[in-house]
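Undergrad: This is the feature table in TrEMBL:
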| type | residues | note |
| --- | --- | --- |
| ACT_SITE | ASP74 | active site |
| ACT_SITE | CYS77 | active site, nucleophile |
| SITE | GLU262 | site 'Linear diubiquitin binding' |
| ACT_SITE | HIS287 | active site |
Amino acid sequence: EEDMYRDAEEIEREKILLCETSSSEYKLSVAPEMDIMEYCRKEWRGNTPVAKRMRKGYEAVAQKFASIRRVRGDNYCALRATLFQALSQATQLPSWLQSEDFTMLPENLLSKYDWIKQWQLKQKLGRKMGEISDEIKEYLMLLRKKWKDISDIKRSIEKQEACDKLFKNEEEEYSLYEALKFLMLNTAIKLYNDDKNGRRVPVFSWLLFARDTSSNPCQLMHNHLNHIGHSGGLEQVEMFLLAYTLQYTIQVYRLYKYSTDEFVTLYPNDPEEDWPVVTLITEDDRHYNIPVRMCQETML
């Protein structure tokens, strides 16, 4: 918007100064917690049908959770909210992170699927095959290390502090998302091959590959996974893929669906009983926030 009181140069100088002197608050990927109903009143003041529905939705969530943490709203939002929740309650390293050949995954996949050379990493294109493999391997090793370090912390306050610190470090944080995206591709390839070989696959896998834009893993990579974090976020069916990859149940309060069967949606619909559960909130299936501090009555 045009500023009638300051010239363009002054505005530009102020922007640069803000970038240089911004406090950690500006850098926070996950904001400090605030009362969930206070947040709702601030965001949804009007009397439109949408505002009323959102308030009802937040009231329902407030029966279970006392506070909310706002998640930075870029195209990594769903990955950020899910990973933050998973790490903040992690008590052990998941079995899929423990396998010996975990870090060999990029090398193994690239040896079988030449098209993975076109994987887009952190907005850099045209890497050589070895570079992509080495870089993703670094990200996978970082994911395993951070998950183990945070899992080993016993006190919940210290665990939370470690998560907050990690999600203020942009270089490490975005590296973890690249690792997750590559693991999603690996899961998609497995599901696709299982289906082709007549093995049983979850229903979402059919939906994933029924799209014109992702009829096989190569198209999924080109048209969807390569864009996550850059020009697009996760679509609904990719939330299933993320849950299946992490072997976590992602429970989402979808506020705009309040008073329908889809108000609380589980990804996947029929989770394994031993999968841990993370809970998110969304107002529109695009941006996700995190509910925290489960109410005592709910815990009992």
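Numbering starts at 1 and runs along the chain as it is shown here.
Cβ from N, Cα, C; glycine included.
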Undergrad: At the Cα level, what's the spacing in Å between GLU262 (site 'Linear diubiquitin binding') and HIS287 (active site), rounded?
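TA: That separation, Cα to Cα, works out to 17 Å.
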Undergrad: Looking at Cβ-Cβ distances, which residues of the chain lie under 8 angstroms from HIS287 (active site) while being 6 or more apart from it?
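TA: Spatial neighbours, sequence-distant, of HIS287 (active site): VAL71, GLY73, CYS77.
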Undergrad: If one looks at the chain holding ASP74 (active site), which residues at least 6 apart in sequence have a CB under 8 angstroms from its CB?
TA: GLY229
Undergrad: Other than its own, how many Cβ atoms are within 10 Å of the Cβ belonging to CYS77 (active site, nucleophile)?
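TA: That number is 21.
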